[in-house]
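Here is the structure we will look at.
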Amino acid sequence: MANISIGVVGAGLIGRKHIMKIREHPDFDLVGIADVNSEGVSAQYPGVPVLRDYREMLDVARPQAVIIASPNQIHAEIGIECARRGVDFLMEKPVTDTLAAASALLGEVRRNNVRTLVGHHRRHHEQVKAVRRYIHDNVIGNLVGVSAIWAAYKPDKYFEIAPWRTQPGGGPILINLIHEIDFLRYTTGEIVAVSATSSNRQRNFPVEDTAGALMEFEGGCIGTFFASDSAVSPWTTEQGVGEAAEFPFSGESSYRFIGSQGSLEFPSLVHWSQADGDQNWNKPVISQRLFASFVDPYVAQLDHFRDVVCGTEQSLQTVEDGARTLIATLAVAEAAQTANRIDLRERYEAVAAGSHSNTTRKAS
Ligand SMILES: NC(=O)c1ccc[n+]([C@@H]2O[C@H](COP(=O)([O-])OP(=O)(O)OC[C@H]3O[C@@H](n4cnc5c(N)ncnc54)[C@H](O)[C@@H]3O)[C@@H](O)[C@H]2O)c1
């Protein structure tokens, strides 16, 4: 098999991580980078063509595939340009900033039949695949509910260096909860409705610092989620899994999946059940630790993208699926603002059909 020629648009925080993984990967050749800061980026990657304009990079380097790691606001236009040229792409999350943009991108992807993958990298963790498998194989019986927390304390500097993070769209719902919602959709099933409440009591910024969401899943499972970026806890997926050095490992579980025959903690994969299948609150509930290996999710994501581009695997997350995660996340923010229960089914259908809902709030 010939190597896949690949370009990267946006060599910022995550773009540079992708470039590092691409250069270490035996099946990809990095043929070009596009970044508006072409001089600075060029100095970091001697020998690789770096262009200011992504269209020029596509013209000059002619990559077979592209990773789009630009700011959210231009995800759609870059994806549309790639699709029109027949270039397969991996789009960083969120798939786009608005539902209208997601709908336009999806239309162009379909017209040109390009292969896509959205960069919700958590889907590539072995622990995530394992918990999904255990739930789907009914290891804990019928899934009755899920209870989850994402709570960490972001230091003042985080807001000082990027004041947009203090404004609506820059808070824990659209920055952090979007990953958790994608994880829940992948492991538990489709979210069909959400209700939520939020507060800015800790920091007094225009954006929320804390939120609570109630999620209804297809099949009837009920989920509750507490999210805060102004509370100290070991309960975030980042800390539990230990996927990045900047978020020190806790190994603690922030998720509890609760079924008719047992429960499962994530990411520790502790399985709780009653001996001899005897379901009775007067009898002890015992635990056993299941096992899943740890892989670098960005490398696993790149391996999967290779297989998607080669046509040997179905994409784990197409643009349409990424748009569903965006719909559910935007709806949590909207529900917290309006105190309404929001049914998502019509919105999923509208984006899939190429028209979009009235909800045009931006994801940051
Ligand atoms: N999956 C993850 O773990 C993860 C982590 C961080 C960020 N992200 C996502 O990745 C994307 C980038 O985030 P980031 O934190 O790396 O941002 P960043 O600001 O660090 O990097 C963005 C880069 O894009 C460049 N850029 C801006 N406009 C451009 C244009 N028109 N053409 C080409 N390049 C342009 C900037 O110069 C910068 O180098 C966002 O969508 C973000 O949500 C994903």
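Cβ from N, Cα, C; glycine included.
Since the structure is predicted, the reported quantities are computational estimates derived from the model, not experimental observations.
TrEMBL has this to say about the protein:
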- 4-120: domain 'Gfo/Idh/MocA-like oxidoreductase N-terminal' (DOMAIN)
- 129-265: domain 'GFO/IDH/MocA-like oxidoreductase' (DOMAIN)
### Query
What average pLDDT is reported by the model for the domain 'Gfo/Idh/MocA-like oxidoreductase N-terminal' (4-120)?
96
### Query
For the domain 'GFO/IDH/MocA-like oxidoreductase' (129-265), what are the DSSP-based totals of helix, strand and coil residues?
39 helix, 44 strand, 54 coil
#### Entry: Residues in the domain 'Gfo/Idh/MocA-like oxidoreductase N-terminal' (4-120) grouped by DSSP into helix, strand and remaining coil
54 helix, 26 strand, 37 coil
